[in-house]
Amino acid sequence: LKFVVLICLVIMASTSAQQCGDETCGAGTCCAVFSQNHCRRLSQMYDLCSDHADASPSGNYLFFCPCEPGLHCDRNTWTCTEGSSRSE
């Protein structure tokens, strides 16, 4: 019985991400599209990321969120880095 309860808790935790198809994600998050839409935290330093310009018309991002403020998504490595987002 304890095993069944543990399995149920794991399943509930893995599916508890807020659906964002019709809802707005909170501060510090974005709506990332996998097989379903889920609110996810903004990407941090060295995390994989999407560029802000890559948002769909509905404001969703494919797979990864853009970087948190102060960072930009390097389109060569698709990771969040410090510095200017302009190409040099």
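Each Cβ is built from the backbone N, Cα and C atoms, and glycine gets one as well.
Taken verbatim from Swiss-Prot:
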type: DISULFID; residues: CYS20-CYS31; note: disulfide bond
type: DISULFID; residues: CYS25-CYS39; note: disulfide bond
type: DISULFID; residues: CYS30-CYS65; note: disulfide bond
type: DISULFID; residues: CYS49-CYS73; note: disulfide bond
type: DISULFID; residues: CYS67-CYS80; note: disulfide bond
type: MOD_RES; residues: GLN18; note: pyrrolidone carboxylic acid
type: SIGNAL; residues: 1-17; note: signal peptide
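Here the features listed in Swiss-Prot are placed on the structure.
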residue : record         : DSSP (3 states)
CYS20   : disulfide bond : coil
CYS25   : disulfide bond : coil
CYS30   : disulfide bond : strand
CYS39   : disulfide bond : strand
CYS49   : disulfide bond : coil
CYS65   : disulfide bond : coil
CYS73   : disulfide bond : strand
CYS80   : disulfide bond : strand
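All protein chains included, CYS49 (disulfide bond) registers 27 other Cβ atoms within 10 Å of its own Cβ. Closest to CYS65 (disulfide bond) in space, going by CA atoms and restricting to the disulfide-bonded residues CYS20, CYS31, CYS80, is CYS31. When the disulfide-bonded residues CYS30, CYS39, CYS49, CYS67, CYS73, CYS80 are screened for a Cα within 10 A of the Cα of CYS20 (disulfide bond), the ones that qualify are CYS30, CYS39. Checking Cα-Cα distances from CYS31 (disulfide bond) against the disulfide-bonded residues (CYS25, CYS39, CYS49, CYS73, CYS80) with a 10 Å cut-off leaves CYS25, CYS39, in sequence order. A Cα-Cα distance of 6 Å separates CYS67 (disulfide bond) from CYS73 (disulfide bond). If you check the disulfide-bonded residues CYS49, CYS73, CYS80 against CYS39 (disulfide bond), none has a Cα inside 10 Å of its Cα.
Around the Cβ of CYS30 (disulfide bond), 21 further Cβ atoms fall within 10 Å across all displayed protein chains. Annotation: CYS65 carries the greatest number of neighbouring Cβ atoms among the disulfide-bonded residues CYS20, CYS25, CYS39, CYS65, CYS80 [cut-off 10 Å, Cβ to Cβ]. Separation of the C-alpha atoms of CYS49 (disulfide bond) and CYS25 (disulfide bond): 17 Å, rounded to the nearest whole number.
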